[in-house]
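Trainee: Structure provided below as structure tokens; questions to follow.
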Amino acid sequence: MTIAEWRQRLNNREISSLELVNEQFARIKDVDNKLHAFLKLEEDSARENAKRIDEARLSGKELPPLAGIPFAIKDNLCTKGVKTTCSSKMLESFVPPYESTVTQRLWEAGAILLGKTNLDEFAMGSSTETSAFGATSNPWDLSRVPGGSSGGSAAAVASGLCLAALGSDTGGSIRQPASFCGVVGLKPTYGRVSRWGLVAFASSLDQVGPFTTSVEDAAEVLQVIAGKDPLDSTCLDKPVPNFSEYFSDSIKGLRIGLIKECFEQEGISLEVKESVLKAANQLQSLGAELIDVSCPRFNDGIATYYVIAPSEASANLARYDGVKYGYRQHGEENLSAMTSLSRAKGFGSEVQRRILIGTYALSAGYFDAYYKKAQKVRTLISRDFANSFEKVDLLLTPTSPSTAFKAGSHDNDPLAMYLSDLLTIPVNLAGLPAISVPCGFDKEGLPIGLQLIGDVLGEQRLLQVAHHYEQAANVMGNCPKGDLIPA
């Protein structure tokens, strides 16, 4: 069911907000011991807020659009008075004194916080295995990863533990887990949504977006969280349009570009490629025109990203030293030793690896050879996209080269892990909006994701085409429920 359908049930008093919240917590208790999607539940406050909304509804008060709708929030978004750990020992006890802009907008719209979801430590990972508090499993197959870094949010939505969730996307961290878990994941244009209160990984790449079970719901959540924020200087001062305005309009005549560099990649699974091309043909049958386009530097995205993102991370994470807050190693003789050991024990191996890479790339003697060069390539990648959008309205690729891989299978091969974001990273480098929509299954019954990429601030068109595909392909609601999670 969509958020609109749940809202109708609530307004018709077929179910109360409290009953809906209680149903969600009952389901979480039934299955999350197997999934580990949540790090922390907010049961008391959720029930109190649900009762308050029920009372307002009974009194006939006009309610905001998400009144009574249960949400989960990735645990790198600050929630005032609620622990925000980034799945790191470094922030294990951190309780923010302020609310992130996106969560504040959700609560003002009536949404209810069920809890905080698991992620790769400081959002650095593609499998939700680097969490200091244990890995999350994929609800379609518990032996596989849910993707990352927002794997907890994706798994929670896919298994019906919440109606929607927020995640963050730095190089594919919403879209790749959405693909692996068979849900919708939307990364807005950089600056469309405020980053205030999002614990920074790579500030020029991070963006907040929703996980939902339908494109319609993704549009509705974006409607609430988008818009100018004086607390975030990178947030665009642009009008927020009606993101579902074009849903009823035909897509006949729209030009959709197939990026040939993506489909020529040797590392892409044949089943993934076939499923995505079938989805492209479905869009063609709806009247869209398919055009082959070239983004010559698309495949340089991985190398570029793994210079820029770690460089920004090394600067952003320098503040965690055990002095003012964060994990502190006691018993050391001096400040330098305490800081060094606090960081060594507070950060996991993947975070340490990226800090080292970033520090090296920014160091004197290597800045020009690595960081400066990567920024130049980033500009060229953005230019390739801009050239493509002179010929087409949207771009189409697989979301990920493969379906969900086995947990632990990439432990000793960081490069293989990094390559799982091969098709999503260039979008972040260019600051473009993109969405992952389920488009089929492989022979093992694992979901495959279709990625649609829009031009800057092109979310309306992006969501329109994704919605038309979703309706025509009848993929909405193909999510695992209790029967797909072994007892």
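Every residue gets a Cβ built from N, Cα and C, even glycine.
Taken from Swiss-Prot, the feature active site, charge relay system covers LYS74, SER149. What Swiss-Prot records for SER173 is active site, acyl-ester intermediate, and it gives sequence analysis as the kind of evidence.
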Trainee: Looking only at C-alpha atoms, tell me how far the residue listed as 'active site, acyl-ester intermediate' is from SER149 (active site, charge relay system), rounded to the nearest Å.
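Mentor: Between the Cα atoms of the residue listed as 'active site, acyl-ester intermediate' and SER149 (active site, charge relay system), the distance comes to 5 Å.
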Trainee: Tell me, by DSSP, whether LYS74 (active site, charge relay system) is helix, strand or coil?
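Mentor: Going by the DSSP assignment, LYS74 (active site, charge relay system) falls within a strand, counted as strand.
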Trainee: Note down the number of other Cβ atoms within 10 Å of the Cβ of LYS74 (active site, charge relay system), including every protein chain shown.
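Mentor: Neighbour count, Cβ to Cβ under the 10 Å cut-off: 31.
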Trainee: With Cβ-Cβ distance below 8 Å and at least 6 positions apart along the chain, what are the contacts of SER149 (active site, charge relay system)? List them in sequence order.
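Mentor: The answer is LEU119, ASP120, ALA123, MET124, GLY125, SER126, THR128, SER168, THR170, SER173, PRO177.
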Trainee: Note down the number of other Cβ atoms within 10 Å of the Cβ of the residue listed as 'active site, acyl-ester intermediate', including every protein chain shown.
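Mentor: The Cβ of the residue listed as 'active site, acyl-ester intermediate' has 37 Cβ neighbours within 10 Å.
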Trainee: Name the secondary structure element type, per DSSP in three states, that contains SER149 (active site, charge relay system).
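Mentor: Note: SER149 (active site, charge relay system) is coil by DSSP, not helix or strand.
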